[in-house]
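What follows is one structure encoded as structure tokens, with my remarks underneath.
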Amino acid sequence: MAITLKNEHDIAQMRVACKLASEVLDYITPFVTAGITTGELDRLCHEYMLKEQGTVPAPLNYQPPGYPPYPKATCISVNDVICHGIPGDKTLKNGDALNIDVTVIKEGYFGDTSRMFIVGEGSIMAKRLVQTTFECMWLGIDQVRPGAHLGDIGYAIQKHAEGQGYSVVREYCGHGIGTVFHEDPQILHYGRPGTGLELQAGMIFTIEPMINAGRRDIRTMPDHWTVKTKDRSLSAQWEHTVLVTETGYDVLTVSAGTPARPPVVAATA
């Protein structure tokens, strides 16, 4: 496992890229309404990146081994789609719960973040899942400090999710990030305290738990990208990119519209 510790220049560049990624989500928020298609949301995000930010969408034409090129600028995952939903002609309706995942490239550095949205009022079940997943992400983030272990992050997430009756998707995880989209280490969203890699100042990685209302089992669609819950239950995900500092952590994917950390974490900070 090759871990790249970031220097001051890297960190400064990552702050820029990560803020820009978050600002794409700020921009698109008022457009997330009933009647719009996921393809139109993607088009608006892509246009904003290119024309307003001078950034490049990292997912577009991204092709890991064994996959076809990803065809869009963002991932938009609605209801029972866990991750990697390909934007298209799906029209949003009241009550839909969706994740918009944005990764931009600015001067060779990648900024990666995602948020959940609920169209209109939304059901109590959807709201509870979205809120719990948000809390899971933040409880994981709150474990980050030099000397902590990756298992501490995963355990905090898993304990909270399962304590609320939900399940943690295990096939996908967070990842190191910098001048490469996905690099070591892998950040599992489940685990045991005190296990796994020890964190060091200068590490930058994403924490992006995917939490299902039902069972954790997944199914991959014929497009090779879209991943859904096997039991068709709702799924939710939030994502931040986080820097390990000398004394704790710094969340890099912040902007004017970034939701504040939840009381369940703020009370322990």
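Just so you know, glycine gets a Cβ as well, placed from its N, Cα and C.
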Completion exercise
Cross-ref TrEMBL: divalent metal cation 2 site Asp112, His175, Glu208; candidate in list Glu135, Glu162, Glu198, Glu239 matching that site is Glu239
Problem - Listed co-binder of divalent metal cation 1 (same site as Asp112, Glu239, source TrEMBL) among Asp101, Asp231 - result: Asp101
Problem - Additional residues surrounding divalent metal cation 1, by Cβ distance to the Asp101, Asp112, Glu239 centre under 8 Å - result: Ala21, Cys75, Val102, Thr103, Thr113, Ser114, Thr206, Glu208, Thr241, Thr253
Fill in the blank from the handout: Other than Asp112, His175, Glu208, Glu239, the chain contributes near divalent metal cation 2 (Cβ within 8 Å of their centroid) the residues Asp101, Thr103, Thr113, Ser114, Gly174, Ile177, Phe205, Thr206, Ile207, His240, Thr241
Completion exercise
Three-class DSSP assignment, Asp101 (divalent metal cation 1 binding site), comes back as strand
Problem - Candidates Asp112, His175, Glu208, Glu239, namely the binding-site residues, that fall within 10 Å of His84 (substrate binding site) by Cα distance - result: none
